[in-house]
Every structure is written in C-alpha cells, then in structure tokens.
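Following: one structure in structure tokens, then a few remarks.
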Amino acid sequence: MRSDQNSSAQNSSDQEIALQMRQLIQILAKHNHAYYVMDQPSISDAEYDQLFHQLKALEQQYPESIQNDSPTQKVGGEALKKFQSIKHAVPMLSLGNVFNFDELKSFDQRIQDRLPNQKVQYDVELKLDGLAISLWYKNGQLVQGVTRGDGETGEDISQNVRTVRNIPLQLTHSKDELPELLEVRGEVLIPKSGFEKLNREAEQKGEKTFANPRNAAAGSLRQLDPKIAASRPLAFYAYGIAQCEPHHDLDSMSASLHWLKTLGFEIAERQWLVDSIEDVENCYQEIMQERPNLSVEIDGMVIKVDSLQQQKQLGFLSREPRWATAYKFPAQAALTTVDNIEWQVGRTGTLTPVARLKPVFVGGVTVSNVTLHNIGEIHRLDVRVGDTVSVYRTGDVIPKVEKVWQEFRPDTAQVVELPSQCPVCESPVVMPEGEALARCSGGLYCAAQRIEAIRHFVARKAMDIEGLGDRWVESLLHLELLDNVADIYSLHLHHEKLLTIDKMGEKSVQNLIDAIEQSKETELHRFIYALGIRGVGETTARMLANQFQTLDALMSADLEQLKKTPDVGDITAEWIFDFFHAEHNIEVIQALLDAGIHWAAPQAPTRQPLNGESWVVTGTLASMGRDEATQRLQALGARVSGSVSSKTKCVVAGEKAGSKLDKAEKLGVAVMNEDQFLQMLGGFEG
Ligand code: IVH
C-alpha cells in the first residue's frame, strides 16, 4: 500500500518535471525561431540565457527526463527554405557561457583538472555580435559560403558572401604554400558606423529600420538578391580554422589567427594571449570600459585554450567544446528620470503610455522614450512623472523600465492616470472590465484612427465603394480632403483637386464619384458594420439590425437591451454603447445621413427562425456561392461558423464536402444536402 502511494507520487512528480521541461523547451523554441529564422528577437539575450540555464539545471538534476528536442542537445536555429541547404562537414558548435569571475574560475578549474601539471595559456577574443559563417577555399580560391543554420546544416549564401568587401576571393600566399582545402570560420557583421548610416538611409526612404546591427547583418545575408547584400556594409572577421588539407603545422589558436591574417583575412581589432585566469578577468574589465569605442558590437569575450594539442585533449561535451567559453557581458541598465508620461493613440484606437526620459546612454544607444505598454504596467511599476528609473537594454531588444527607485522619489512626483478623453480627438476613453487596453471611442472621427476607419468603411462587405483603394485614400489624406468617413460624400465638390492626383484622369475620378454615389443606397446591417464598432463584425451587425430595426433604436439602446441581442456579450455591449455615446461619432453619423445614405425601411421584423443556432456550410453548392449561403443563413438569425463541433446545429454539405462532413457524421450532427437546404430557405423566406 505504502510503496504504491510512493510510486504514484513519484510518477506525478516525474510528470511535473517533464511538463516543466516541455514548457521551457517550447518557450525557447519559439524565441529561437524568432531570433535565428525571423531575425526578430522577442526577448533579451539575458532572459533567453536565464531560461536556458533553468532548463539545463532541471536536466542536470533529472537526466533521465532529458527530452530529445531540448535545445541543450543542439544548437539553435534552422535553415530557411529559400537557400540551398548544406550539411557542415564539421558541425558549427556553440559555446558555454559564464557571467562572472566565479564561473570563469570554475571553467579554468575544470581545465586544470583535466590537464594536471600542464601550463595553460588562454587566447582571449572579442565575442563579435553577428552571425557565424563558414568559408571554403580550394587552392586559395573562395568556392562556398554557408551560414551556421542549426549547427549541422546551414544555407548556401556563396553569392552574398562574395559581396562582402573584406572577404578575400583569392588568398594571398604563393601558390605552393596554399592548402588544397581550407575552411575558415568567423563572424559576419555590420560595424556600428555602417549600421547607423544604413538606418538613417532607411528612415529617409520611409523603409523599416533594423533593431540592431546583428539583425541588419542577418537580414542582409539572407537576401536572395546579392545586389542587396552588396549594398549593405557587411564585414567579416575570421576566428578559426575548421579544416585544412594538407594539415597545417600550426600549434596554437593565436598562431592560427596570425596565419589567417597573413592569408588576407581580417581579425577582430583586439585579441590577447594570457597566462592565467586572473589575466583573463583583467582583459574582461578592460574591454568593458572600451566597449563603446570599438568599431563593432560585441556581447562579451570568448576565452579559448591556446594550445591546439591541449584543445584536442580536452575535447567536447555534447554541444560545447570544453576548451572554450563565452564570458558574456551583463545586460545593461542605466538610471535616468521620467520627464513625462504621454499617451499615444494607435491606428486601431489603442492608448499606449510612453515615458519620455531624460536621454540616457545604455547598451550602446541613447534612449529617450520607452513604452510602458498599458495602464496596468504603470500601476505594477508604480511609476510616476519625476521618478528615477532603471532603464534596461541588451543589444537586441527595445529598452524597458525595469525598476522604479522609490527612495529617490521627489515630493513633486505625479501619479499618472488613464486620461478620460482621447489626447488626439477628445472622445471618451473606454476600457471594459477585464480588458488590459484602453481605447479611444471616437473610431469614426479620431485622426489617429482615420486610415483604418476609412479602409473599413469602404470595404466590400461594408459600404462597398469600389475603387476607393489604399492608394486613393493616401492621396486624399495628403490633399486634406478626408478628415473622417463622412467627407467621402463631399469629394464630388473637389473635382478639380481630385484631378491633380498622380495618374488620376477624368475617367477614374468620375468612376470614383459614381461609386460613391451608388453606395448611398445600402442596407442597415451594412451601415452598422461599416461604422467599425469594436466587436461588431458582419454577423453581429446583422443581429443588431434585426433586433433594433432602425438606427435610432440602436443608437438609443441601453446596455441591457444591447445584451439581449444574440451574439452580443457584456464587453461588446459596452463597446457599442460607448461608440454611440461619443459625441463626435454621433456628428459623423448625422453627416453621413445628411449626405443621403439610406436603406429600405424595415418591413415587418424579419423572422429569425434560426436565432442563435450555429451552422456550417461546406463543399460546393450548385445554386449559389458559399458567401450567399452564409448571408441567407445569417438573415434567418444563424451564426455561420467555419468549423464543426458538437454545438453545430446543422451542416449544409454541397458537392465534394470533405473533412467537415466526416466530422459532422462522427459527432452525429445533422446534415442537409443542397436540395433540402433550398427547400428550407424557400419555406422561411417565401
Ligand atoms: S569560436 C566551438 N570565437 O559565438 C567554438 N565564436 O556561442 C566556436 N562568436 O556561433 C566559436 N565571436 O557566432 C568564436 N571570437 C569568437 C567569436 C565567436 C563571436 C560567436 C559565434 C558562435 C557563438 C558561440
């Protein structure tokens, strides 16, 4: 009995450990993908390292639970599909990390233990913050360049590599001294000065800027068009030899680096050969001071046992060499003060607080703004205007406020509250309970939301103004002809101005004006949908039209009445209510009606025999498209969903219905063929 209990307790804790490992593996995999494949880091290196260490610690404690796909078992990243994959003849491994002198001393101790009575010298290098690549030379000629990829397999980037200015295409030794095969490893990156220039140019052209030099380098190397790579200020620094045939007679790392230099490769600007781990620490302290003056970004140092003979003796431990480690810099933080906290309004109306800081230099850049995300974050940090804060930044992510120094808070510090009015249009700001984000309710009127509002308003399923595409909208905003959606209906008064738009002749202007005129005759549910009320999609708009029958009734409905509409939950009801109570929205709606937008007066309330039921349409119907079938079902009150579940009332199955039909049959959900469907519609609609 007792032992049974024990073993089941053991089982459940094993499961818990495995679950915890799975969770960490999944999080790390997600961030690895963001970092290596998308070049869009989603967390800081320091956070990544922390999670990685957590997983490693668990695995050390429970080695029997180590999972095959754990990132501790392989190097991160995977090859992108667009380049040819190349398997590395010698895997491109990564390095273990140390973060402080104690950990560094343990690294040294492990080496001393394995090499008793041997003198160990360390080769100390900069840890360049770029991308590892491998270059193949045959008889001195560059033949191939490959990215690290996942360490086993990389991408063939030979074309791009040839455009990197300091990569020798031909090595500079006399021919008889050149190896038949030489594989050189090193880092490609964009030096700081080149990076700033690149981003300045991108900004001027209105293009996306890069978060940091590493991403800029990664993005450049992965360009399929080598002309783009050629236009980027990439540079390569060699740090190792993976293969050499016939074998060279070098006996140390430092000698290898020297030889590479004589062959024509560039080596990082600093490098040391030292006799003790204390000296390594001195180099580290020195380089931390010098870091801002270096021409390239570094994220630490790499310490390597200098003697190649000793390296061989030490060997590898799974993914890492025992003879080398990275000594990483801590994430950087700096103190500054909060001058103000402002609210920015996004294109969809979200209000985001942004702290304006006294400019401070941290992690290689000057930071003067930092997002505080939402009001909840302001409360969590308890950050006030006038506060002293720690701003934290690693090379790769946006800076953030990490800590508020309460002890430095001046008496004059001001608490920041969510504004009650939108800073752009003064409409009420709303935030339903349970939601993290506050929004401006002036969707139709707010200048910050203008483009989105117009796009939505003219869409096919809304007012269906054919031809008023993004290009038109941008030109019209530029000419200051559109302040809000109601101005669309005065465009005909600006005929001459419209003709000044590039490539818009008499005919296209007339077509646009005709399309606008035609859109005035619409249906109530389309109009409601076109208003772009948060939470009100097409189906809900139909439900509202059916429930309230007139726009007036809808606009004056109270929360309780709104909630009675099928499909409208508590939060959506609040959004609708707030929308129709924002004064500016009411003005715009009135202007739209004054312009002549109209719809057929409601006949007797439409019957809604399928009220609230969930229906699915699948396969091809001979008599109508799936859109039409959907609309007709919606008009009868049904919700039309894309997937079958036990809650589905009925599936309409046309020709070639596939898995949805199978699923309906499996779940015992009712199924209708096209004839039965038409008969039902006839019965209800007729
Ligand atoms: S040696 C087996 N030297 O750091 C040892 N790597 O985490 C292979 N790196 O992917 C690496 N500077 O991209 C070495 N001076 C340097 C380096 C360096 C940067 C990068 C390299 C590698 C990563 C290891």
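Keep in mind that glycine also has a Cβ here, set from the backbone N, Cα and C atoms.
Caution: TrEMBL annotation is automatic and unverified by curators.
Note that the coordinates shown come from a computational prediction; the quantities given were computed from them, not determined experimentally.
According to TrEMBL, the protein carries these features:
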- ASP45, ALA46, GLU47, TYR48, ASP49, SER94, LEU95, GLU125, ARG148, GLU187, LYS304, LYS328: NAD(+) binding site (BINDING)
- LYS127: active site, N6-AMP-lysine intermediate (ACT_SITE)
- CYS422, CYS425, CYS446: Zn(2+) binding site (BINDING)
- 605-681: domain 'BRCT' (DOMAIN)
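Features recorded in TrEMBL, as mapped to the structure shown.
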residue: GLU47; record: NAD(+) binding site; Cβ within 10 Å: 15
residue: ASP49; record: NAD(+) binding site; Cβ within 10 Å: 16
residue: LEU95; record: NAD(+) binding site; Cβ within 10 Å: 18
residue: LYS127; record: active site, N6-AMP-lysine intermediate; Cβ within 10 Å: 21
residue: ARG148; record: NAD(+) binding site; Cβ within 10 Å: 25
residue: LYS304; record: NAD(+) binding site; Cβ within 10 Å: 22
residue: CYS422; record: Zn(2+) binding site; Cβ within 10 Å: 27
residue: CYS425; record: Zn(2+) binding site; Cβ within 10 Å: 22
residue: CYS446; record: Zn(2+) binding site; Cβ within 10 Å: 26
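Only LEU95, LYS127, of the recorded positions LEU95, LYS127, LYS304, CYS422, CYS425, CYS446, place a Cβ under 6 Å from an atom of ligand 1. Across the structure, ARG148 (NAD(+) binding site) and the residue listed as 'active site, N6-AMP-lysine intermediate' place their CA atoms 16 angstrom apart. Helix, strand and coil counts under DSSP for the domain 'BRCT' (605-681) come to 27 helix, 17 strand, 33 coil. In sequence order, VAL345, GLY349, PRO423, VAL424, GLU426, SER427, CYS440, GLY442, TYR445, ALA447, ALA448, GLN449, HIS584 are the same-chain residues whose CB sits within 8 A of the CB centroid of CYS422, CYS425, CYS446, the residues recorded for Zn(2+) being left out. Taken residue by residue with DSSP, CYS425 (Zn(2+) binding site) is part of neither helix nor strand, so it is coil.
The shortest Cα-Cα distance from LEU95 (NAD(+) binding site) to any of the recorded positions (LYS127, CYS422, CYS425) is found for LYS127. Taking the C-alpha positions, the distance from CYS422 (Zn(2+) binding site) to LYS304 (NAD(+) binding site) comes to 58 Å. The closest partner of CYS425 (Zn(2+) binding site) among the recorded positions, by CA position, is GLU47; the full candidate set was GLU47, ASP49, LYS127, LYS304. The DSSP secondary structure for LYS304 (NAD(+) binding site) is strand. Under the three-state DSSP scheme, ASP49 (NAD(+) binding site) falls in the helix class.
In the three-state DSSP assignment, the secondary structure recorded for the residue listed as 'active site, N6-AMP-lysine intermediate' is strand.
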